[in-house]
């Protein structure tokens, strides 16, 4: 059974995550004090029910040792996993401005900006221990819920989920990536006026890239590298592997190569998925 501990900065999406986990059959508890985690797990152990518990800055223990002790006292039937949600400072400020809600640390007479910074410092012990950190800055509510469904179904089936994610460097590197590959040196379809409005999902762009030996070599060497270490990653008690592929705009080269890698590993029987950050962002 899984005990999913959901934490993160206020405004990053903990409530959304908890609702998504509840939809997946988890028994969910919001804002449970850390010291009560062993009691909750013991009560649920006989029912064979996976649980999800959210922890925010208000019920953090006074020291990291108390959290570690609570983890050590969990029943052996449970496999604890720590999910930490985060977002950049400006996004959190905007979300609070939109909802007009008070920050949990506002009772300390701190400004919103100071409360966000103080919370970041207080939650660092949990962030550093997290099994998965998700940056929700560019995510909608639905995208976050879908990502959790993808990741958790892989976890509950005890199968490594490989996520090949394209992105544009001008939009920033995904912080949830385990590996980042830069393909900005490869031939760029952007400079062909006919291909510029298309994406790496379109056949003419794929045909353009497929004509170049260096593109084939890059795909071959990248998949060979991943295949070399995949057996160790699969036995390392992890549920997902995120491989980010970046080009300048995240529209052509990175999309094509992410799709090629995902197709290759799917053909080898792996649970491989593709995600295109720039293309998804342009649709929203």
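First residue shown is number 1, and so on along the chain.
The backbone N, Cα and C atoms fix where each Cβ goes, glycine too.
Per Swiss-Prot, the stretch carrying the note region 'RNA-binding' among 247-265, 266-284 is 266-284. Within 10 Å of residue 9 (ATP binding site), judged by CA to CA distance, lie the following binding-site residues from the set 56, 57, 58, 59: 56, 57. Put simply, residue 58 (GTP binding site) is 15 Å from residue 12 (ATP binding site) when counted between their Cα atoms. When averaged over the region 'RNA-binding' (266-284), pLDDT in the model lands at 88. With helix defined as DSSP H, G or I and strand as E or B, the region 'RNA-binding' (266-284) counts 9 helix, 6 strand, 4 coil. Cα to Cα, residue 15 (ATP binding site) and residue 56 (GTP binding site) are separated by 11 Å. Sequence-distant neighbours of residue 56 (GTP binding site): residues of the same chain at least 6 apart with a C-beta under 8 Å from its C-beta are 7, 10, 14, 31, 104.
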